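Enquirer: Quick one: this structure, given as structure tokens, is what I'll be asking you about.
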Amino acid sequence: MSLLTVQDLTVRRGSRATLDQASFSIAPGEFVGLIGPNGAGKSTLLRAALGLIPAAGRSSLARLSPAARPKAAAWLPQAREIAWPVSVAHLVSLAQNENQNAPEVIAALNRMDLMAYAQRPATGLSGGEQARVLIARALAQDTPLLLADEPTAGLDPAHQIGTMQTFATLASEGRGVIASLHDLGLAARHCTRLIVISEGRIVADGAPRNVLTETLLAEVFAIRCLLSDTPEGLVVQPLAQLSKP
Amino acid sequence: MKYPVLITALSLLVALLFALSLVVGVIEVGPLESLAALVRDSDGPLSMVMREIRLPRAFLGIMVGVSLGLSGAAMQGYLRNPLAEPGVIGISASAALGAVIALQSGFSALFALALPLSALAGAAACVLLILLLAGRGGGTLSLILAGIAVSALASALTALVLNLSPNPFAANEIVFWMMGSLADRSFLHVWTALPVMTVGWLLLSLTGRGLDRLTLGEEAAASMGVNLRRLRLILVAGVAASVGAATAVAGAVGFVGLVIPHILRPLVGARPARLLLASALGGAALVLAADVAVRLILPGRDLKLGVLMALVGAPVFFHLIWRMRGQP
């Protein structure tokens, strides 16, 4: 059983295809890292899969009715928007019909270590804390699948690792997670699978150790990396920019 | 403050100001005697004055206030901007244009409801134009741009009508009407506006859930099951019906929709859905209070409600901005 199946998903902007015939599926237990350079089509892929933007091809999520979709997948957009100084508890409870005592809400607040902030206005928190509040909101939706667009951007190293571990735990509990990421080191270390996208096309898909090769990193990202298998696992450290031929 | 307490307090305030609005007027009679004359026929004209002049005026105060406060809260919630107000999408300017054309052409003199009906037609035309301009999507930016364009066009056409007005009396009448007032209205106005406003209030009351979720932005709201296109349609129709009808019977009354949600927001924990009912009651209280004030400050001089509202509203707004300095 897959949580998301995408078949030949294509998004055109004018004559250019920003997403070109993407196909993959996500099974329970997978934490998929979606990597690729700026403008490769990572956000477009996630949005089209959710049905937020019109696309050709098939996506099992986009096909669902608008009422059924929030139960199937939660979405964490890149823009971290909190428009009003509502309390953290209220913001997270939006995922559960404003019921602040719902077990899903309490569990999400606990998991993101936010119980102490529950009654504080969300806009008064620091950027990193706000990011955690928004992740908690997505977790409180209690869906089998979570889609996140650059969830670690702007977080300090500890919270980047914490967020990745949270997602990995969700996957180990039998859910599915797909997150677009820029940090190859985090992606290699925490994801169970990587999908590499370049100029709108999926160019590689598989376990991190198989996907991250010197050739691929040079071709897709135009960088030279140190790839090292250590007792701690795979370590990826970008070293230098390669001039494109 | 707890939400039920706030709503109860605001309701009591509205009831108090409603009673006050009934007992303040040109005829010097004690308050108890005035209220008694409402239910019991009095000797002389007091009963007639109470039932035919003050009662509809007080009702209109509540209705106009509820419409403006509720629409302001809904617009601010939808656009996620504390500076938004019902006028942003051009409804009031278009309703005013409809009324001005009626005044200028003499249509308004044909029958009693000609003026409010023309204003409502102006508001309806505005909605059609906005929805045509803003397109089929659910975006807020296209709505705001369409609203500004329609608003600018309506204001320009209003100025054109004034510009070309052949007789100064018509121009005078137009200018005074545009200042906004609840004086000399009758139950005919109440019964004309109430059905339209009720539809508007009901529509706006449906937006609460969507507005709460929009706190997280359009994409997150859409992913949580909010139909942005439907929300925008309900919002525009609701604001048009309530503000169009309010402008039709009272002229242009500004600041209520801007200031009331702003003042009440901290008292409802900034939650957009809760702000709707609170702002409806707060708007009613403010309009009733201002309408009492215009009768007390310059009795006999016909101080216009819209003028007083702007005179009081602007400094209140200065104060709010002053307080906001230094906050992120």
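Every residue, even glycine, has its Cβ placed from backbone N, Cα and C.
Just so you know, TrEMBL annotations are computer predictions that nobody has curated.
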Enquirer: What range among B:24-44, B:87-107 does TrEMBL record as transmembrane segment?
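Expert: Range annotated as transmembrane segment by TrEMBL: B:87-107.
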Enquirer: If I count Cβ-Cβ pairs under 8 A between the transmembrane segment (B:55-75) and each of B:141-166, B:233-264, B:276-298, which range comes out on top?
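Expert: Most contacts with the transmembrane segment (B:55-75): B:233-264.
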Enquirer: Are there residues at least six beyond either end of the transmembrane segment (B:186-204) with Cβ under 8 Å to its Cβ atoms? List them, or say none.
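Expert: Apart from its flanks, the transmembrane segment (B:186-204) reaches 52-53, 55-56, 59-60, 63, 66-67, 70-71, 74, 112-113, 116-117, 120, 234-235, 237-246, 248-249, 276, 280.
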